[in-house]
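TrEMBL lists His95, His97, His139, Glu141 with the feature Fe cation binding site. The annotation domain 'Pirin N-terminal' is assigned in TrEMBL to 63-156. Positions annotated as domain 'Pirin C-terminal' by TrEMBL: 210-314.
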Amino acid sequence: MRALSSFRNRLPFKLYPSASIESNNKIRNIMSASDESPCFSRPRMVAKKVHGKLSHDGDGAVVRRAIGRGDLRSLDPFLMLDEFSVSPPAGFPDHPHRGFETVTYMLQGGITHQDFSGHKGTIHTGDVQWMTAGRGIVHSEMPAGEGVQNGLQLWINLSSRDKMIEPRYQEIPSEEIKRAETDGVEVRIIAGESMGVRSPVYTRTPTMFLDFTLKPRAQIHQSIPETWNAFVYTIEGEGVFGTVNSSAVSAHNVLVLSLGDGLSAWNRSSKQLRFVLIAGQPLNEPVVQYGPFVMNSQAEIDQTIEDYQLCKNGFENAKYWRSQSQ
């Protein structure tokens, strides 16, 4: 997402207005009747909290950017996390990407996507689009109906060997997303595994993406591969994370977690708690980002800018294409 209006004043060229290599680590979910989590040898704690601040992006869209800003620039392999709200006629008109993946998860309403290769589709509440931009995509993301359309968009970096692969999509309707439920906890398993249920989604950069809903007084103890970076984003309600004596955290916060083999969370309130737990295997590679282009060196960024300007090396279709929203 992050349509190019955010970068227009900085780019030295005209912008057209226009399941994975899976980790062998076993990801399992363990429920405990007590408030402690003896199932973890190294429980993960909250290392940093960042509140998602409201800002404007695209063409009149409102976003809460929690990763991809000054106080949390990135969390390898994650480059950005936005909670976006958009109402017609606002949206994210034609803009390019190269070198990473975008994951769009609709919380309310719908977004219509179309790109310069002829792909078009609409995702609605609970649906997921997992887009691998690879060597190059120019696309638009616009609201699919009246009223507020609300969702999350996550940017996941690709390794140097994968940055120039052909673009691809996985679009998963809500009814096909795996679910599990026990003891007042429901989880939607977008990627990875929880409560013994595994998602079929292919994640080129090994990734876990779980959407938890906890009823009042419920708790969850979720295993995470020890060497992966992980964070929580709170969507609704108020939760306690890491240790039972920690301060409660309200909605619209990112919680960066320390390393360890699992996370414990409790809902001590009288209202429902909803949060996503996202984790990924670090790439440990240089990151050079120029707006919607993410490569490993400045020379590769310079080449990407030239490719986009001259409509070559993956951007050939950008020369004449405009979305129907333009």
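Cβ atoms here come from the backbone N, Cα and C positions, even for glycine.
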For this session: Pull the DSSP breakdown for the domain 'Pirin C-terminal' (210-314) and write it out as helix, strand, coil residue counts.
Result: 13 helix, 46 strand, 46 coil
Exercise. Counting every protein chain present, what is the number of Cβ atoms, excluding its own, within 10 Å of the Cβ of His97 (Fe cation binding site)?
Worked result: 25
Problem set entry | Neighbouring C-beta atoms (10 Å sphere around the C-beta of His139 (Fe cation binding site)) | 26
For this session: Just give the helix, strand and coil counts over the domain 'Pirin N-terminal' (63-156), going by DSSP.
Result: 0 helix, 65 strand, 29 coil
For this session: State the mean pLDDT for the domain 'Pirin N-terminal' (63-156).
Result: 94
Seminar exercise, completed: In all the protein chains shown, the tally of other Cβ atoms within 10 Å of the Cβ of His95 (Fe cation binding site) is 27
